[in-house]
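Participant: Take a look at what TrEMBL says about it:
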ACT_SITE  ARG163  active site
ACT_SITE  SER234  active site, proton donor
ACT_SITE  GLU329  active site
DOMAIN    18-185  domain 'FAD-binding PCMH-type'
Amino acid sequence: MITEHRDFQLRPYNTFGIEARAAEFIDYTDARDLSDIFPLAGVARWLHIGGGSNLLFTRDYDGLVLHSSATGVEVVAEDDETVDVRACAGLGWDDFVSMCVGRGWTGAENLSLIPGEVGASAVQNIGAYGVEACDLIRRVETFDTENRCHRTFGVGECGYSYRDSRFKHERQYIVTHVTYRLSKQFKPDLSYGNLSSILAGQEDRLTPAALREAVIGIRRAKLPDPEVTGNAGSFFMNPVVSEDKYRQLLSVYPSMPAYKVAGGVKLPAGWLIDRCGWKGRSLGRAGVHPKQALVLVNLGGATAEDIMRLAATIEADVADKFGVAIKPEVNYI
Ligand code: EPU
């Protein structure tokens, strides 16, 4: 079913809670509807959104905004050890994780409570506490808006890397379904940060539900709830610098955390921003979260200009102090 609106308020469709209007808005409940929606007659441009948890509307959108309300889930393959679950793009990501944990399908617990929808998990390659969506994804089904046909990509064809995929760049593909492989045997990944210390002593009797609760507890303690305080999670990506640059910084900042990755060393942008003194500070109605400097928040009534000005000031300060360029993870629309 297709539902069309004109001059539509996008505030409930972005977790920053920014006021912006779309000239047209279409919500659809079945991926097959896309063949009726495309090609678009007389539409200047279009944008497909998910939960709106990774974007910033910088002005009214003078085209068509599309959203899927398809939320179905089905098991498409199963053996003694694993289960392949195909979920529709419009299903809330955490609803999916919760359902998996409830049915004893494990692997997604570390990704609990990440805002957004199933479709975006595959576009954005969401990640937390040592697990990324691409670790679970088997297949991504899309609608190719240029050729007006459905096209399926195996995980190896999706171009996954840190918070990146081909779907972020090849915008003609709309993700319609994602198939994840979950495990029936619980092999918890407690490698990240304080997860193992929080669960210390429980290793032998740890359950997927307890791991999910621990992750939810960490997130609730560190990250603002978008229902209460508008935000889009990490505003910036963690930058990767060369080994030389890392050694040079380490000699000045011996306590700087860092992670070795392919192509260099990843630095936590939150740490860099924190050391610039931004944690808990604000500019206009936009602020830096007091418990995690990577998260910019709408203090109430912020405009996109407020957020962009704060982001640009932080970027400039980090570049000045550390000589490191940080880039937004959030998409400016
Ligand atoms: N740190 C500070 N000050 C801060 C924030 C962080 O000193 O204000 C330090 C921490 O002490 C720690 C390091 O920086 O040593 C890393 O911090 P944290 O463990 O909070 O992780 P992160 O690198 O800041 C990333 C993801 C998060 C994800 C966490 C946990 C990115 C851009 N962000 O944050 O993802 O939840 O790891 O895996 O990769 C999101 O994408 O929206 C998001 C919240």
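Every residue, even glycine, has its Cβ placed from backbone N, Cα and C.
Surface or core, plus neighbours and distances: that's what I need for these features.
Facilitator: Taking a C-beta cut-off of under 8 angstroms and a sequence separation of 6 or more, ARG163 (active site) has the following same-chain neighbours: GLN124, ASN125, ILE126, GLY127, MET237, GLU329.
For SER234 (active site, proton donor), the count of additional Cβ atoms within 10 Å of its Cβ stands at 21 [all protein chains shown].
Taken residue by residue with DSSP, GLU329 (active site) is part of neither helix nor strand, so it is coil.
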Participant: When DSSP is mapped onto helix/strand/coil, what comes out for ARG163 (active site)?
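Facilitator: Once the DSSP labels are grouped into three classes, ARG163 (active site) ends up as coil.
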